[in-house]
Amino acid sequence: MVRFKELAELFEELERITSHKEIVRKLAGFFGGLKGDEVKDSAYLFLGSIGPAFENTTLGIKDRLVTRAIAGAYGVSEEEVKKRYARAGDLGDVAFELSKKREASLTIEEVFKRLRQIKEASGKGSQEKKTGLLSDILQKATPEEGKYIIRIVLGRLRLGFGDQFLLEAFSIAFTGDKKHAGKIKESYSVCTDIGELAQTLAEHGAGAPGYFSIKPGRPVKSMLAQRVESFEELEERIKGKKAAEEKYDGERVQIHKAGDEIKAFSRRLEDITAQYPDIIEAVRESISADTIVLDGEIVAYAELEKENTRIEEFYPFQNLMQRRRKYEVEKYREKCPVAVFFFDILYLNGESLLKKTYPERRALLEEHVNGSGIVHLTRRTVTENIEELEDFFNETVEKGLEGIVAKSMSSNSVYEAGKRSWLWLKWKQEYSEGMRETFDLVVVGSYYGKGKRKGSFGALLCAVLNEEEQQFETFTKVGTGFTEADAEEINSLLSAHTVSEAPKNVIIKKGMLPDIFIEPAVVIEVLGSEITNSPGHTAGEGEEETGLALRFPRFLRIRYDRAPFDATTVREIRDLKEGI
């Protein structure tokens, strides 16, 4: 059995390495030496977790309890721990300082099991139990092990890479060749449990992708639409007959029904069932299929009667975000009514529908989803006529919606999980008004505010994702569009992610260094007018290419439904600039 010390030492080594290839090589070498559950457990631990994203894997133990556990483990006062924490800024480093050198005895399996026990402790006295379980394992840990146990417990591992590096490492470790990484990535879009994926690859090698299929209770990654520059481009990209569906300003959702159990998952694969009890109840009443997986959008919405006329009222995305609160669910259920608009069906009564064409899936969707006051199908039109398409777009905008998504009806119009596909094309109101695009950007720094903004940020340094290198490259500074409430909420979010220096996966030029560095965690939506060359930014910069920057950026909203690795990519902004 592999000692946890080997994993902790690799964590420490990986923190210092910046080379993509070297990180993948180290990971592959490590996974190649694991057996059984060690493979699955380690896959989770490298991402600072103890399970897949769609499970609630938070351990329910914050700084205060961790401080108490460290004090108990090392026989010092809580005040001493707090004092050291104030100086070091990292409770993992405090554990390292206080721990005594001892023989390494803990295995990966033991540590993982203990972390699961901490998570599962509940009910009366659960805080004391969690503290005791953590304190006990710290007493058995070496200084290096203690440091990383604490960071994992607090969700602050910060190795500076995401799951893409792991997928490449799995390809080398379990198939002997990096060329299988593309297939493994496709498999991960369907089997979104990184531990299950790793273990199956370890057992079956290059043949493993054939073992993965969609199943209720495990969300797949969402298929996404490409953007186009004009209706003419839309017509060129999807020739002949096409469907155009209304595009809503809401939250993407996957609904999974298996018998009496119904779950809702976000685009980030998080379980959001508890936040939407009204959606769950309506699905139970409206859908009779025994097992079904549906793709749709939750929208802040109400049907009103005015002068004996039924009127649909769509409310802003900000209203909907009130429903993401984990507390006072019933209060906000009344305050913010919602509806779900389904536009796809991915699984039905034991059969995956991912390889069915869009027309086949839509027919099944219409057959098995009965609309109610809360459950709806997306309104659509099917046409070959560009004028009819423009008329439909104008109708959606008049209703206060974002725009349309045009969908191919061809024989290859399958559901491409996890892919931004040319089979779906989006055209939004902002494009028609001359604004180039909205971007989902990652906040990586902030600059001190002045005047009314004193004590807050004056501007945010934002980055795009370089998919190949899995790093964040600066693209713009955003200083307009914020309300006082926005600024207050952003300050609160960023305070949990401030770091003393730029994370190794954030690339910033000297002239753009912010006053405060932020680890990649918070995503905001930004509207801009033009992408230009910029020697000051690093987005898309290469040996023969200057960086790219967004002109006249304006903050629109916080994207709670986006993870950093869901952000706008370098390739996307380059394609936009070049008009591809």
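The first residue you see is number 1, and the count goes up from there.
Cβ atoms here come from the backbone N, Cα and C positions, even for glycine.
Glu297 is the residue from Glu297, Glu313, Glu367, Glu395 that Swiss-Prot records in the ATP site together with Glu245, Arg252, Arg267, Phe343, Arg420, Lys426. Other Cβ atoms within 10 Å of the Cβ of Phe343 (ATP binding site) number 25 in total over all chains. A simple way to gauge crowding: the CB of Lys426 (ATP binding site) has 17 other CB atoms within 10 angstroms, across all the protein chains here.
Phe343 (ATP binding site) sits 10 Å from Lys247 (active site, N6-AMP-lysine intermediate), taking the CA atoms of both as reference points. In sequence order, Ser222, Glu251, Arg252, Asp561, Arg562, Asp566 constitute the residues six or more apart from Arg267 (ATP binding site) in its chain with CB-CB distances below 8 Å. Residue environment of Glu245 (ATP binding site) contains 22 other Cβ atoms, counted within 10 Å of its Cβ in all protein chains.
In this structure the C-alpha atoms belonging to Lys426 (ATP binding site) and Lys247 (active site, N6-AMP-lysine intermediate) are separated by 8 Å.
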